[in-house]
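Here's the structure, in C-alpha cells; my notes come after.
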C-alpha cells in the first residue's frame with residue numbers, strides 16, 4: 001500500500017512539470033528549447049542526488065559491454081515521447097493527445113508484464129487484470145473526455161473539429177508513443193536494478209536524453225544562444241524552473257517502483273496520480289492555470305480509476 005501511495009505522488013508531479021514547462025516554453029518561444037532546458041536541470045539534479053547517495057557518475061566499460069543494448073535506450077524513448085506529444089497536439093487536439101498515449105501506456109505495460117519484456121517482473125495477463133486495466137481506462141475517460149463531451153453537447157455544438165480524429169495515422173502514432181513511454185518506464189526500472197541505484201539510472205536516462213536533444217537541435221534547429229539567455233533573464237516567475245526538477249522526480253519514481261510493483265501496476269497508479277494532479281491544478285489555479293472547479297463526474301472517474309488499480313493489485 002505504501003508504494004502505491006508513492007506511485008500516486010509520483011504521478012501528481014507530472015502535471016506540475018507540464019504546467020511549468022508550458023510557461024517556460026512561452027518565455028523561450030520554443031517547445032524544443034524548453035524541453036532541453038528541463039532535461040539539463042533534471043540531469044544536474046539527479047547527478048547531485050546520485051553523488052549524495054555515494055554513487056559515482058561514471059559507468060564501467062565492462063558493464064556497457066555486458067548489459068543488453070536496449071538498457072541504454074530510456075533517454076531516447078523519453079525524447080521521442082516528448083516530441084511525439086508536440087507533433088500530436090495540433091493534429092488531434094487536447095483530449096485525444098492525452099487519451100491516445102494513455103491507451104498505449106496501459107496496454108503496452110500489460111504486454112511488458114505478461115511477456116516479461118525488459119526483465120520486468122512477471123504478471124500474467126488474466127481476465128481480472130484486464131478488467132482492472134479497463135476500469136482504469138474507463139475512469140480516465142470519465143474524468144477527462146466525458147466532461148468535455150457533455151459541455152459541448154449541451155452547448156449544442158457537438159464535437160468540434162478539434163475533437164475529431166484528423167487521421168488514423170496520428171491516432172496510431174499517439175498510441176505508439178504511449179507504448180514507447182511504457183517501455184521507457186520498464187527499461188529505466190531494469191537499469192536501476194543493474195546499477196543498484198534508481199537515482200543513477202534516472203540520471204543516465206536524462207543525460208542520454210539531453211545528448212539526443214543536443215543532436216536534434218544542432219542538426220535541425222540552431223537557436224541563437226544570446227536570444228535564449230536574454231529571454232531567460234527577463235523578470236520571469238520563479239516556478240518556470242521547477243519543471244526539470246519535477247521531471248527528474250517523475251523519472252526517478254518510475255525507476256524506483258518498477259522492480260517493486262511491475263510495469264503495469266506502476267503505469268496504472270502513476271496515471272491515477274497524474275489525473276488527480278491535473279484536477280488539483282485546475283481546482284486551485286496553481287502555476288497560472290485558469291481555475292476550473294472539479295465536478296462530480298470527475299470525482300466518480302477518479303474513484304473508478306482507484307477501483308481499477310486495486311483490482312490489478314489484488315490479482
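Just so it is clear, glycine is given a Cβ too, placed from its N, Cα and C backbone atoms.
Transmembrane segment is the annotation TrEMBL gives to one range among 130-151, 152-173, and that range is 130-151. Counting residues 6+ beyond its ends, the transmembrane segment (69-92) has Cβ neighbours under 8 Å at 31-32, 35, 100-101, 118, 165-167, 170-171, 173-174, 176-178, 180-181, 183-184, 187-188, 190-191, 194, 201, 204-213, 216, 251 in the same chain.
Remote same-chain partners of the transmembrane segment (36-57), defined as residues 6 or more beyond its termini with a Cβ less than 8 Å from a stretch Cβ, comprise 17, 21, 24, 28, 195, 197, 199-200, 202-203, 206-207, 209-210, 213-214, 217, 232, 241, 243-245, 247-248, 251-252. Beyond the transmembrane segment (263-281), the same-chain residues lying 6 or more positions past its ends with a Cβ under 8 Å from any Cβ of the stretch are 4, 7-16, 19, 102, 105-106, 108-110, 112-113, 118, 120-121, 123, 129, 132-133, 136, 139-140, 143-144, 182, 185-186, 189, 253-254, 257, 287, 289, 294, 298, 301-302, 305-306, 308-309, 312-313.
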